[in-house]
Amino acid sequence: MIMSHSTVLEAPATASISTPGGSVSDNSVTESVPARRRDPRWVLPALVMLLVGTGVLYLWNLGSEGNANSFYAAAVQAGSESWKAWFFGAIDKAASITVDKPPASLWLMGLSARIFGYSTWSMLVPEALAGVASVWLLYATVKRVAGPVAGLIAGGLFALTPAAVLIFRFNNPDAVLLLLVVAATYAMTRAIQDGKTRWLVLAGVALGFGFLTKSGQALLVLPALTAAYLVAGPRHLVRRIWQLGLAGASLVASAGWWIVVVLLWPASSRPYIGGSTNNSPLELAFGYNGLGRLFGGTGNGGGGAAQGGGPGGGNSSFGGSSGLLRLFRDEFGLEISWLIPAALIAIFGLVWLTARARRTDQLRAATIVWGGSFLVTGLTFSLMQGTIHPYYSVALAPSIAALVALAGRQLWERHDTASHLIMIGMVAATAGYGAYTLAHNDTSSWYVILAAGLGAVAVAGLVLRWTGRNRIARLAPLVALLAVLAVAVPVGNWGVRTAATAHTGSIPTAVATSGSGMSGVGNAGGGAPGGMQGAPGGSEGTRTGNRQTGNPPEGMTPGSNSGSRSGFPGGTESSGGNDTMSGTMGEGMGGDIGGATSSKLISALKATTTTWSAATVGAQGAAELELSTDTSVMPIGGFTGSDNAPTLAQFKAWVKEGKVTYFIAGQSGGAGGPGGGSSAASAITSWVEKNYTTTTIGGTTVYVLTK
């Protein structure tokens, strides 16, 4: 909440503005492009403290993350040694198949690894710095509308959000995507203020590269940004439409150039586009990562039984059942829901405050931008039927933080009854929900008492300020501080604990506990997806901070919420707390080598001189072997083993040319991926089993293809 009486950055207009709360001075709702004033002297030190603190939070003990998601780590390592693999986002240095996302997020990490050599730090420091840059851009965006205090609060709340802490310390694409989305929002805010076309073009470029990072998810903010400029842009309507057309063209150009290059590149000399059904980047973007995510199918999960806990209750995948309460349940709740009650109340308050404002009112434009982004993204994540993971919710973090900061600042400056009541409601709902969530997720009792106590005292102070503000005017700064702490402490507690927990694996989650797994309203029920295939012959392994929730995709057997989890043969999987979950996988993700690989197998692969030291079904297993041996391992079938690449004919040709030394059998006999794997993976496995004899290296069953 933004409760300071200090001078804001922008000088307001001189006329007073009529709002539903009465006639008030417009010292907080700007009607035109604001005049710039020199920042108060405390602003720069405060900003430096915010950014340094964010950097420490995101960089502290970063080495404990290891390879993070080995699927992307292998692509980073490959890109650090092969420009071809880097450009296409291939999993292996020999560039046989790409990851199942466009490659933009890998470009930054790959360049860092090429310069400094592959390591946890060279891979993840760019992600952490993207987080610091995102916080700075969010601060700058909110500051332009509501002043530096609002910007600082927004930046701080964003930085502490558990989903943000998790992602900016990890190598999934969401970190770079978030930076680009916040950059686009900043550019659009500038365009709304001064009407200059260059800002609209810059916003389009940022979203275009966001599309090259995680396909259609980057476009979830597009309706809000477009609507805000159409409504509040300073030019006449025809010019605004023309400018938005240029912005759209820049988006298409910045997103389309890579797709055009891939389409024009001979398919025989580039890697197969992982995740697609026809080796096309267009099908990857609009099928697997587009409509497939929204409606299920096209390689995505879904089809689980409805679960309790709220309205909706349609298909589910890794993210639990769909419905309006999805974001409050299980890992979603722990990662993002802390400030959602405040954000919803903030939207109501901001709409009420700006209902009678002029068309170009900056606060109303900001409400459209951030409120629209929050609602479109939140409803999409809540209702989508395809594969969704809890960490996707990080996309909501900037809009939630901005809404809370903007509304808090505006409401604090007003003294009418409605504004006081909305402010009290925001603080009470946030503190109460935060304390409840902490109490139901195995948190130390003193954290719960602190959160509840701060909330109670802050609400009492706000009530006294409302009923007798002249008598406690001197205590207003203290009341403001208490309100900020009441909002920030619960979410900050979980954010800091997330930073203190190591996270590895393909589905990272914020720090997990041994409680019921519920956060807030309703529990999705059901167990976690079954464990990924273990390393053939591997030893016991552990994985921290990686609890999976909801129903598994088809082909997996759900586990329970207690007991052991078959992540590795003979081992269990830790979730960063005390929670371990059991689960088995039938003909699931075959060849997924997730445990410790034997030293003898590593030595054997390192000793090879062929293009690929080995081939195995599924990218997770291949990635682990690549990272352990620094050799190229062919991931048959891509991420889940379900892509039809390579074909049996291609594989036979490569074996005949002496390009593959070993075929490593998966624990389940090879064919993998939800639903039983691809026909190509099955055909290759059958051909190898029929024509080559097995041998054992370090307890792992392999086929020698060079004999």
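Each residue, glycine too, has its Cβ placed from N, Cα and C.
Model, not experiment: these values are computed from the prediction.
Annotation source TrEMBL lists compositional bias 'Gly residues' at 517-540, 585-594. Annotation comment: TrEMBL describes 542-551 as compositional bias 'Polar residues'. What TrEMBL lists as domain 'Glycosyltransferase RgtA/B/C/D-like' is 100-254. Residues annotated as domain 'Putative mannosyltransferase YkcA/B-like C-terminal' in TrEMBL: 606-691. Residues or ranges marked as region 'Disordered' by TrEMBL: 511-594. The feature transmembrane segment is assigned by TrEMBL to 42-60, 115-139, 145-168, 175-193, 199-232, 244-265, 336-353, 365-384, 390-408, 420-439, 445-464, 476-496.
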In the domain 'Putative mannosyltransferase YkcA/B-like C-terminal' (606-691), how many residues does DSSP assign to helix, to strand and to coil?
34 helix, 15 strand, 37 coil
For the transmembrane segment (390-408), could you work out the same-chain residues 6 or more beyond its ends whose Cβ comes under 8 Å from its Cβ atoms?
1-3, 134, 138, 141-142, 145-146, 150-151, 153-158, 161, 163-164, 166-167, 170, 172, 174, 177-178, 181-182, 185, 217, 220, 318-319, 327, 330-332, 334-336, 339-340, 342-343, 345-347, 349-350, 363, 366-367, 370-371, 373-374, 377-378, 381, 422-423, 426, 430, 483, 487, 507-510, 549
With an 8 Å cut-off on Cβ pairs and a sequence gap of 6 or more, do the transmembrane segment (365-384) and the transmembrane segment (175-193) reach 3 or more such pairs?
yes
Whole-number mean of pLDDT values that fall within the domain 'Glycosyltransferase RgtA/B/C/D-like' (100-254)
97
Long-range Cβ contacts under 8 Å made by the transmembrane segment (175-193), restricted to residues 6 or more beyond its ends, are 33-34, 104-105, 108, 127, 130-131, 133-134, 137-138, 140-141, 144-145, 164, 167-168, 199-200, 202-204, 206-207, 209-210, 213-214, 217-218, 221, 225, 228-229, 232-234, 243, 362, 365-366, 369-370, 373, 394-395, 397-398
Sequence-distant contacts of the transmembrane segment (420-439), meaning Cβ under 8 Å and at least 6 residues beyond its ends, amount to 1, 333-334, 337-339, 341-342, 345-346, 348-349, 352, 404, 407-408, 411-412, 447-448, 451-452, 454-456, 458-459, 462-463, 465-466, 483, 486-487, 489-491, 493-494, 519-520
What same-chain residues lie close to the transmembrane segment (476-496): Cβ under 8 Å, and 6 or more beyond its ends?
1, 3-5, 57, 153, 156-157, 159-162, 164-165, 334, 338-339, 342, 404, 408, 412, 423, 426-427, 430-431, 433-435, 437-438, 443, 447, 450-451, 454-455, 457-459, 461-462, 464-465, 469, 510-511
